[in-house]
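So the structure is just underneath, and the comments pick up after that.
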């Protein structure tokens, strides 16, 4: 392996992504559902963005946050899936060193952004149900833009330090990553130096971002639940629960596989590698596919516009 020398570290020219170790003979076939899922994610999210853009009645906080979620999903899935499919179908296992670090940055930064957008959507739900008459005055377009900017900057700035730290570390001769994409902890395992600070920083970022967002989401839904239970009729309560169920499904689809993958990397040494890697792939693939489907089905305005578009009645 050829090493490139820098001022303070030596790094390999490239890494080798192994894909899914243990399922090498099945990777050709695994790629087909992965490709279909990615295609649905791309088409679904682009359709969602198009519908929100052209329909001015959808220029409200909920749909603006949904547009942010769609953009994040496109970036997140596109940062891993094309390379993953190239590995499975064309055995293109090599990834350049800097491309690997860029992938690490995009995966973790936009995972943070996605979590932040879901938190902002929970706040929107809370204001809409608990303060319906003041919703438009509280969540003005400028407030929505500021929230989106804060969420974006948090993801970019919070993740940058541990990506920078990895770039300054010396790497061992071993260059194989038992994964289908570059992940922070997987890359750290190839470093020939003390990685405790970088590991600690990664833990801090993950727990501070996910912990804060989940606390805000949890508190929002506690207040929402209290408000819904005070509604006079059972039909009104059922309708309120039904309208928020899509957001809860999206939250669970992101956090369950993401937390499983994150905790398994650090503490789940007894979990089979195949199971861990499959979950690590799914958390970057399933939410981007499900989000436009869930919101397209559960949100009447979006569903109607998509149907009109399919019938040729949409500009």
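Any Cβ shown, glycine's included, is placed from N, Cα and C.
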From the candidates 7, 45, the one which Swiss-Prot records as N-linked glycosylation site: 7
Shared topological domain relative to the membrane, residue 177 and residue 302, Swiss-Prot: no
List of residues, in chain order, with Cβ under 8 A from that of residue 192 (disulfide bond) and at least 6 apart: 170, 171, 172
Cβ atoms near residue 100 (disulfide bond) (within 10 Å, other residues, all chains): 23
Same-chain residue ranges lying at least 6 outside the transmembrane segment (277-297) that approach it to Cβ under 8 Å: 20-21, 34, 37-38, 40-41, 44-45, 47-48, 66, 69-70, 73-74, 76-77, 80-81, 84, 107, 111, 114, 178-181, 183, 246, 249-250, 253-254, 257-258, 260-261, 264, 303, 306
DSSP helix/strand/coil residue counts for the topological domain 'Cytoplasmic' (50-57): 7 helix, 0 strand, 1 coil
Structural state of residue 192 (disulfide bond), classified by DSSP into three states: coil
Composition by DSSP (helix, strand, coil) of residues within the topological domain 'Cytoplasmic' (221-240): 16 helix, 0 strand, 4 coil
